Amino acid sequence: MKLKGKVAVVTGASRGIGKAIALKLAEEGAKVVVNYNSSEEEAQKVVNAILEIGGEGIAVKGNIADYNQSQQLIEKTLEEFQRVDILVNNAGITRDNLLLRMSEEDFDQVIDVNLKGYFNCTKAVIRPMLKNKKGKIINITSVIGITGNTGQSNYAAAKAGVIGFTKSLAKELGGKGINVNAVAPGFIQTDMTDKLPEEIKRKIGENIPLKTFGKPEDVAKLVVFLASSDSDYITGQIIGVDGGLAL
Ligand code: NAI
């Protein structure tokens, strides 16, 4: 087990990629805080799955777009497990539209969750990690933050922002024993991508060199690596899990 005794917080972990990450971290021995915003039942199911494999975990409600709720999420983690070693900033939303039709609210919401939310949770873990002189922060960005995409200017701006945030923090925190990396998934089969029209999915599929969509577990395996001591000399990197889509 690569993460025995470590404590991990995964935001937006009631389903999709976050859920797969929470389960994989637990399989490797980490105690996992499964953050959710509204889906309490789903989050509890993830915790139950962790308990079933002999792991430890709790579900903690919190809207990461809210600064105070993000602080409370980490306070609750410290109360329960006394430390936090790994933060996976994963929770994200889409509000796709062409700019002409995109409302100010759709732009703001996506930035608030997908970028400001990452700041909120990172800000909350930074003191406990500095105290431990060790920590792993893993930000889930997207291939769209690198390439851009029609109809996703809000999402692409937030995800590109996460890339700049990751690199800056890697420089700031490298001397303090804290590694900060980002994972850039391509097209992964989850609720987020299920809602795309079939025609768009077909077109994306054609452009993937590996000719298949990814699974949440493909992302989770890389996150485990970045959370473990195997990646101690890696920081500030943006690593694609995209079947070659960004090429
Ligand atoms: P999803 O929609 O299945 O899951 C997202 C989770 O985040 C949900 O559980 C949702 O309740 C939670 N969440 C949303 N807003 C929240 C908030 N304010 N506070 C707390 N939790 C909140 O999405 P998926 O596909 O699992 O995506 C996870 C991450 O991976 C996101 O950051 C997404 O942008 C990114 N990603 C996904 C890709 C894909 O193909 N599915 C591709 C590239 C990046």
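Numbers here mean position along the shown chain, with the first residue as 1.
Glycine too: its Cβ is placed from the backbone N, Cα and C atoms.
As annotated by TrEMBL, domain 'Ketoreductase' applies to 6-186.
Residues or ranges marked as NADP(+) binding site in TrEMBL: Gly12, Ala13, Ser14, Arg15, Asn90, Tyr155, Ala156, Ala157, Ala158, Lys159, Ile188. Cβ environment of Asn90 (NADP(+) binding site): Val10, Thr11, Gly12, Ala13, Ile17, Gly18, Ile21, Ile140 lie under 8 Å away, each six or more residues apart in the same chain. When secondary structure is read from DSSP and collapsed to three states, Asn90 (NADP(+) binding site) falls in the coil class.
Summarising the annotation, TrEMBL assigns active site, proton acceptor to Tyr155. The secondary structure of Tyr155 (active site, proton acceptor), as reduced to three states from DSSP, is helical.
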Exercise. Just checking: which of the recorded positions Ser14, Asn90, Tyr155 have a C-beta under 6 Å from ligand 1?
Worked result: Ser14, Asn90
Exercise. If you count other Cβ atoms within 10 Å of each one's Cβ, which of the binding-site residues Ala156, Ala158, Ile188 has the most?
Worked result: Ala158
For this session: Do me a favour and check the Cα-Cα span between Ser14 (NADP(+) binding site) and Tyr155 (active site, proton acceptor); whole Å is fine.
Result: 21
